[in-house]
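Enquirer: Submitted below is the structure of interest, expressed as structure tokens.
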Amino acid sequence: MGKKVLLTGFDPFGGETVNPSWEAVKRLNGEEAEGVSIAAEQIPTVFHHSAAVLKKAIEKHKPDVVICAGQAGGRAHITPERIAINIDDARIPDNEDREPIDEPIAADGPAAYWSALPIKLIVKELRKNGIPASVSNSAGTFVCNHLFYQLMHRIDRTSANIRGGFIHIPFLPEQTIDKPEPSLSLETIVEGLRIAAVISALHEKDIRETGGSIS
């Protein structure tokens, strides 16, 4: 039986009219590639509500792998995240105008969780296909990191036979018309997430080689 991957993307936030994570993952919904089936769901950019929506999506699709994607304006690469940390520290309000400062995500949780995705292998395969990619060592402290941490905390506490992680993606070109930020085309992002989904489903173990960045 083939593997199933659940991809999630966020709704727009911070004054943007689109969110590239949702624009990309919704184009992969229902696809099959190399025996891997892909489903996609949208997550609200809301601290207190995002994990509940993800929980329902996991219960609905019963995936083998969950990859949450999010927008990281200012980054030039597709960046699989290495670690989720147990803190909310918002620089801007979320989409329900909540702005938690220095608040733990889970009072009974560990300081951090490692990604369970083969992040170095994903980077290698993306680069092999001409897609700029690098490992990120910080998912920030906004809703992206919050969801990443909640995903891994849920997997840990329920002993679910699921592997999960998070991937940040750059702005789309239309988002950078009025700001000097890097971007990637939607087609490139879609292909990058397709590759990441297949690699994550077919490979549980990562490789050990350079794939990160200085910061």
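Note that Cβ sites are derived from N, Cα and C of the backbone, with glycine treated the same way.
Per Swiss-Prot, the features are:
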- Glu81: active site (ACT_SITE)
- Cys144: active site (ACT_SITE)
- His168: active site (ACT_SITE)
Enquirer: Give me the count of other Cβ atoms within 10 A of the Cβ belonging to Cys144 (active site).
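Expert: Cys144 (active site): 25 neighbouring Cβ atoms within 10 Å.
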Enquirer: According to DSSP, which of helix, strand or coil covers Glu81 (active site)?
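Expert: The residue in question, Glu81 (active site), is strand (DSSP, three-state).
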Enquirer: Ten-angstrom check, please: count other Cβ atoms within 10 Å of the Cβ of His168 (active site), all chains counted.
Expert: 24
Enquirer: Identify, in sequence order, the residues in the chain of Glu81 (active site) that are 6 or more apart from it along the sequence and have a CB within less than 8 Å of its CB; answer 'none' if there are none.
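Expert: The list for Glu81 (active site) reads Ser115, Ile119, Val135, Ser136, Asn137, Ser138, Ala139, Phe148, Gly165, Phe166, Ile167, His168, given in order along the sequence.
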